């Protein structure tokens, strides 16, 4: 295979051949010195990578054609990028896919998943050709979009669940945050155990989505120079050519953010290789953005370079395209030469891995306490919920907002769980989730990469994606806060966290109802809590007092199956002093419990949550047959045994009424009558809004009086 002089030089530069160097001039990298003899090995490597790129194209085409479903454009258009990453530039060990210091690759354009599956197979991960043949089939390891290992899928080498465009770029920023934090906390002068890079491959759709811009500004501001974004610039979106909907200069945009930028031919292997190597070597405090000009669907002559190449429109032309690429008739073909080449890659990476293991052993011997903390963090070893609720001091009897209670509790959580971190979308002063003495994360001002408090700015969507990225990285437990009414900005990220079973993520959502008051209906959530409750695998906790708030926070850091949303009040709430602190904590950890037991024969059950529990208790005072059930977390209650649920809500008592300052629909599962708020609120002091919309003990009593 022929290569240009520039390409040979690029190959030599990337391979570290002595005597080669690169000079930057107006964004163009030029060769200043050549030693052709020393470049021969590098050229052989380029030839092997070129062969692998075409065979990866073949794997993608064959799998998509067999499924009659999928997206060919990216796997064919980015094959040289994949060859460079997996065949040369990334450090990984397919025999230990969870190695903590591996480079991470995130496919933000998740629709191009056959790109990733093909390269994982070639790189030696436990993803067989048979699984590639089962692309998009039930119970396969190759679903339509990459899915983080969970109870449904366990595909090695998949670092995060991607699908919604732009989210993967933003997840990658979270990975970069976590790596910087881990390096700052655990590296020592003698031993460096974290020094990996985060790669994200994204397309035009990712950069049109606003969340990627939010996250890019955060990454540049905090100088995350371990982040390398690769832009598959193929001038195509699904409906039209990209020029139909975009005209900005994306290089200038990312330069303005503070990125180091490059623009290259994404099909020139040697240039791709040299540029990625240069980006890795640059530790100047700037994240990297590499615009790779590519041809979508490259090799598929009938559709390449057009929006028709995006999906499976090329299926009828697969056989012709394979022939044009020099592939034999055998489907899912991988040559012995390519397998041998990647064995060599594995051997090279294994040496790096073994050296790191020696470094880690020496670091561990010299830093026993840090090592235990790190290994506990990776294994997600935290005190049990039962032990933690016993260790946190009682909150007391004074009325207070649950956001204020939360501020006290989060200090205890941070002590008990050293890898717990928190952040806010510019609302720390209101959401009250700042960790005292935790320091602030980032670069400049009073910040450092060891900080436990993240300032996300007014970027809720980005915050959600970054939290997910931190969780995927697998070391820290991350929470983020905003007003509940703004949670819809990050709702897509909560959905993905729930789908991916990210138990390392939690959300602190304050100002939980019409009780917000004067700010008016734009800031008074009424449908929002129920909107979160319908997301599968998300626990939604709306505590009624300080002790239930303890249980909510404890549950959020001890749960293993998925994320938790904590719904906290702005206004003061009364404490249920008729029960002990431990009784309320233990009851709340079951999702629902009897907050006031009937003193006569049971003839009525009042269910409530959050700020409405105090009204339920007040209304029931003069009703001997009334039981009050506090239900801070429906989802947790539903996971209890049938026997326990029967003790709380006995089937023999069907006269039930529920009360919550929000839409009423979901409560009819438990009650025949609901006192809710099925309209938007209005601007007035919170207590007036509550009273006018029926959230009072008096109105609850009146509604009970109408029941048969």
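Here the Cβ of each residue, glycine as well, is placed from N, Cα and C on the backbone.
The Cβ of residue 460 (active site, proton donor) lies under 8 Å from the Cβ of 425, 482, 486, 487, 489, 490, each on the same chain and at least six residues away in sequence. The active site, proton donor feature in TrEMBL is assigned to 460.
Among the features that TrEMBL reports, substrate binding site is placed at 71, 310, 403, 430, 511, 519, 523, 570. Under a cutoff of 8 A between CB atoms, and with a sequence separation of 6+ in the same chain, the neighbours of residue 519 (substrate binding site) are 683.
Among the features that TrEMBL reports, thiamine diphosphate binding site is placed at 111, 163, 164, 165, 205, 234, 310, 486.
What TrEMBL records for 204, 234, 236 is Mg(2+) binding site. The Cβ of residue 236 (Mg(2+) binding site) lies under 8 Å from the Cβ of 73, 204, 242, 296, 305, 306, 307, 309, 310, each of these being in the same chain and 6 or more residues away along the sequence.
Positions annotated as domain 'Transketolase-like pyrimidine-binding' by TrEMBL: 400-575.
Under the heading signal peptide, TrEMBL lists 1-19.
Positions annotated as site 'Important for catalytic activity' by TrEMBL: 71 (among others). Around the Cβ of residue 71 (substrate binding site), the number of neighbouring Cβ atoms within 10 Å comes to 25.
Sequence annotations record features per position, and here TrEMBL assigns site 'Important for catalytic activity' to 310 (among others). When Cβ atoms from all protein chains are considered, those within 10 Å of residue 310 (substrate binding site) total 25, not counting its own.
Restricting the average to the domain 'Transketolase-like pyrimidine-binding' (400-575) gives a pLDDT of 98. Residue annotation for substrate gives 71, 310, 403, 430, 511, 519, 523, 570. The furthest Cα pair among them is separated by 48 Å. Cα spacing between residue 111 (thiamine diphosphate binding site) and residue 430 (substrate binding site): 39 Å, rounded to the nearest whole number. Reported as a whole number, the C-alpha separation between residue 403 (substrate binding site) and residue 234 (thiamine diphosphate binding site) equals 48 Å. Residues within less than 8 Å, Cβ to Cβ, of residue 165 (thiamine diphosphate binding site) and separated from it by at least 6 positions along the same chain comprise 108, 109, 202, 203, 205, 206, 208, 209. The distance from the Cα of residue 511 (substrate binding site) to the Cα of residue 163 (thiamine diphosphate binding site) comes to 31 Å.
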